[in-house]
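K.L.:
What TrEMBL shows for this protein is this:
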type: TRANSMEM; residues: 29-49; note: transmembrane segment
type: TRANSMEM; residues: 230-247; note: transmembrane segment
type: TRANSMEM; residues: 253-275; note: transmembrane segment
type: TRANSMEM; residues: 282-301; note: transmembrane segment
type: TRANSMEM; residues: 321-342; note: transmembrane segment
type: TRANSMEM; residues: 354-378; note: transmembrane segment
type: TRANSMEM; residues: 634-652; note: transmembrane segment
type: DOMAIN; residues: 654-781; note: domain 'SSD'
type: TRANSMEM; residues: 659-678; note: transmembrane segment
type: TRANSMEM; residues: 684-706; note: transmembrane segment
type: TRANSMEM; residues: 727-746; note: transmembrane segment
type: TRANSMEM; residues: 758-781; note: transmembrane segment
Amino acid sequence: MNSPDSSASASSFGRWTRRTASFWVRHRIVMAVLGLMVFAVSFPVARHLSLDRRIASMFAPDDPTLLDYQLLQDLFGGNAVAMLVYRDDNLMSREGIDRSEAISQQVRVIPGVSGVLSTSVLDAAVQRIRPANFFSRSSKNPPLTHRDDIVARGIDLIFSGYTHSRDHSLAAVVATLDPKHPPETIRSLQQVADALPDQFDGKIGAGFLVGEPVLINDGFDLVERDGRKLATVTLVLLSIVVLITLMDFRFVFLTALVVVWSVVVTEAFTVLFGIHRSLVSTIMTAIVTVISVAAVLHLGVKFQNARARGLSQVEASERAISTLIVPIFWTCVTDAAGFAALGWSRILPVRQFGIMIAIASIAVFVSIAFFAAVTMMMPDLRFFGSLHRAQRRATIRISRYCIGLADWSVGHRKSLIAVSIVVMFASVYQTWQATPETSFLNNFRSDSPVVVAYNSVEHEFGGAGVWDVILPGPKKWSNGYFRQVIELQKKLRDVDADGAKLTKVLSMADVNYVVSLAPLLRMAPPSVRLSGMRITMPSFFAALLAGNDASDESSQVSSPKMLRIMLRSEEQLPAEQKIALIREVERVVAEHTSAQAWRDTIDLPNQIKPKVTGYYVMMSRLVAQLVGDQWRCLAVAGILVWLLLWIATGSIRLSLASLLPTILPAFVVLAVAGWLGGKINMGATMIAAVSIGLTIDGAVHLLLGYGRYRNRGHSIRRSVSHAAGNVGVPILLATGALVVGFSVLSTSEFIPTATFGILVAATLLLGTLVNLTLLPACVAAQRH
C-alpha cells in the first residue's frame, strides 16, 4: 500500500490531468485552428530543406580528417574524379585515339566538369614533347603507340591504370569535377556512357561510370528512394493497423494528421537551424510515424473502452486524454532523449539526425495536443458493428494473454533476470568484437551496376581505392626535389601491410622524369618541362602541382608550392588490412620527409606538413568513428532515458529496473548479426541509440500504468501484470505493422539501409517481448 501523502499527490495530479483534458475538449476548435496556423507557416519554410550530397558533410567542420581533405581540395582544385570506362580493342590505333577524343569532347562540355584526361590527351602531349618532324597527325600510328620512342613508352606506362588498362583493352576518360557540381553532372556522364555503343556503331562496348562522386550520388539516390518507400509503406501499413484495431476512420485521420504536421514542422525547424538532410536522415518520416501511431493506438483503445462502458463522447474523450496525456508526454520526451543522445556522435549528419528526431518527437506530442480532441469529437465513423464486436473480443483475449505472460514472468523473475544478464554480457562482448565495414563500395549489393563496374576497374586498372599524399614543395622546383619524391614513391610501392599493397603510385615527378628523357629537354631545367606540361595537360597539371605560378621560376611572391602523389589500392580490402595500409603509408611518408636529405631540398619554410588523405582514408575513418560513437551515444541515451524515467515515475528503483530491458534488445540483435558474419556498417552503428527511442514507448506506458494500479491499492504482482495487459494490445499491433514496414527496407540496393531495416524490425520484435516479460519481472524484483 502507498502512503497517504503519495495518494494525496496522485489525487492532485489526477485532478490536473482531468482539467487539462477538459480544457482541450472544450477549446478543441481553437486548438485545431492554432495547429493549422502553425502548419501553414511551417510548410513554405519546410520546402527549402535540401539534401547535402557531399562526403565532406559526414564530418564535423573541425574534424582533422575533413581539414586534410579540404586542404587537398583547396590546393588542387577539387578532388572529385569520375572515370568513364569503356572497352575498345583497337584503342591504340588512329581510330581508337579519335574515338577517345570524341568522347573527351562530349565529357568536357558537361556542366560541372572542369577538366578531362584521356588517351587522346596523352597522345597530344607526346606529339608536342617530341619534335614535330618525327611525328605528325598524318602519321598512320598515333605518337603514343610508338614502341621505339622512350617518351611514348614512359607516358604509356605511367598512365596505365588511369587512362587505360595495361593491355590497352579498356580506356577511360577521367573527368575532374567541380567540388560543387550538381547531381545532373553524374547523370549526364552516365548518359554519355550508355550511348557509346550506338554512337560508334558497336565498335566499342557499353561504358560504365566509377569514382567517388558516382558512389556518393548513387548512394544518396538509393537512400532517398528508400526513405520515400519506407515512409509510404509504414504510414499505409500502420493506418491499416489503426483501422483494423479500432474500426474507426477518425483515428486513421488523426494518425495521418499527426504524422504530416510533425514532419512539416520538424523540417521547418531544421531549415531555421541550418540543418540539411543527409545520408542518415531520410528515414525521419518513418520514425515519426512509429512514434505517432503508438500514441494514437493508445488513445484509440482507451477512448473505445470508455465508450464501451457507456460514457458519452465528451466523457470518453476526456477520460482517454486525462489518462494518457502524461504517458504520451513522457514517451515523446524519452524518445527525444534517446535520439538526442546521437548529438554526442563525432559524425555531423548523425548529430543532426538526432536533433531532427528529437524535435519530431516533441512535435508529435504538440500535434496530439492540437488535434486529438477535435478528432475524437468528430461524428462517429465506426463501421461494421459485428466486426467491431469481434475485434473487441479478440482484444480482450490478447490482453488476458499478456496479463498471463507478465504474471508468469513475475513468478520466474529471478531466473529470467539472471539469464538476461548473462545474455547481455555475452551480447556486449560479441558486439565489441564485430569488425567495421570500411569500404563504401560494399554498401551496395554485389550484383548492382556500380559494383560490377568497380569490380572491372579493380581487376583491369589495378585497384579502385583512390587516395593521396600531399607534400610541401620548394621555392623553386629542382631536379633534386623530384629525385627525393621518386625515392619516396619507390618506398611507397614497397609497402606491404599484412599483404595489402598500393597498386599505383603517380606524381608529376614521374612525368617530369619521362619528359626529361627527350633529347631536346634533357638539359632543360624543370621549370621549362613543367611549363610545357601545363600547356599540354592543364587539368592534370593542376591536379598534381599547386601554388601560385607553380611552374614559373620567376615568380617573386607565390603561395607555398605543393606536390600531390596519387595513390591507388584495392577498395574491398578487409577493415584491418585497410587501416594497416593507411598507417604504414603515413609512417613511410613521415619517416622520409623527416630525413635530412629531404629537408635539404626544401629551401623555403613551409607551414603545411605532409598529409595522407583522400576519399579512401575518409571512408575508412568515418565508419571507425561511427563504431566508436555507437558506444558513446548508447551510454548517453541510457543515462538520459533513466533520468527521465526517474522523473516520470518518481522512483529511482523503477527507473533502474527499466534499464536492462531498454538496452538489451539492441545488443542482442547486433551480437547475432555479428555472430552470423555481418560487419558493422553505417546502418548498424545507429541502431543501439535509435532502438532505445523506438522501444521505450511500451516501457513508459507500463511503468506509469503500474503506478496507477499501485495508487489504487493493488498488489505489486497484480499491478504489473494488468499494466502489461493494458499496453499489450496496442504494442503488439503496432509492432507487427512496424516490423513489416521496416522489413521492406531489406530489399534496398543500399546495404546500410537494408541492414538498418532488418535490425530495427528485429529490435522491435525483441523489444516488445522484453517489455511484456523481462520488464514486469524487473519491476517486481525491485520491490522485493
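Including glycine, each Cβ sits where the backbone N, Cα and C put it.
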K.L.:
Give the nonlocal contacts of the transmembrane segment (659-678) in its own chain as ranges (CB under 8 Å, at least six residues past its ends).
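P.N.:
Distant Cβ neighbours of the transmembrane segment (659-678) are 417, 420-421, 423-424, 426-431, 433-434, 634, 638, 641-642, 684, 687-688, 691-692, 695-696, 699, 755, 759, 762-763, 766-767, 770-771, 774-775, 778.
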K.L.:
Any contact between the transmembrane segment (230-247) and the transmembrane segment (354-378), i.e. 3 or more CB pairs below 8 Å with pairs at least 6 residues apart?
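P.N.:
Taking Cβ pairs at least 6 residues apart, the transmembrane segment (354-378) and the transmembrane segment (230-247) are not in contact, as fewer than 3 fall under 8 Å.
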K.L.:
Under 8 Å for C-beta pairs, could you tell me which stretch among 282-301, 354-378, 727-746 has the largest tally with the transmembrane segment (253-275)?
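P.N.:
By Cβ pairs under 8 Å, 354-378 leads among 282-301, 354-378, 727-746.
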K.L.:
Do the transmembrane segment (29-49) and the transmembrane segment (321-342) share at least 3 Cβ pairs closer than 8 Å, excluding pairs fewer than 6 residues apart in sequence?
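P.N.:
They do not touch: fewer than three Cβ pairs between the two stretches lie under 8 Å.
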K.L.:
Between the transmembrane segment (282-301) and the transmembrane segment (727-746), are there three or more C-beta pairs closer than 8 Å, counting only pairs 6 or more apart along the chain?
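P.N.:
Since 3 or more Cβ pairs under 8 Å link them, the transmembrane segment (282-301) and the transmembrane segment (727-746) do come into contact.
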K.L.:
Can at least 3 Cβ pairs under 8 A be found between the transmembrane segment (727-746) and the transmembrane segment (634-652), with each pair 6 or more apart in sequence?
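P.N.:
Counting Cβ pairs under 8 Å (6 or more apart in sequence), the transmembrane segment (727-746) does not reach the transmembrane segment (634-652), since there are fewer than 3.
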K.L.:
Against the transmembrane segment (634-652), which of these stretches has the most C-beta pairs under 8 Å: 321-342, 354-378, 758-781?
P.N.:
321-342
K.L.:
Grab the same-chain neighbours of the transmembrane segment (354-378) for me: Cβ-Cβ under 8 Å, and only residues 6 or more beyond its ends, written as numbers and ranges.
P.N.:
21, 24-25, 28-29, 31-32, 34-35, 38, 250-251, 253-254, 257-258, 261-263, 265-266, 269-270, 273, 275, 281, 284, 287-288, 291-292, 295, 299, 303, 313-314, 316-317, 320-321, 328-329, 332-333, 335-337, 339-343, 345, 633, 689, 693
K.L.:
Can you tell me how the residues of the domain 'SSD' (654-781) break down into helix, strand and coil by DSSP?
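P.N.:
Secondary-structure breakdown of the domain 'SSD' (654-781): 112 helix, 2 strand, 14 coil.
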K.L.:
Return the average pLDDT for the domain 'SSD' (654-781) as a whole number.
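P.N.:
A mean pLDDT of 80 is what the predicted model shows over the domain 'SSD' (654-781).
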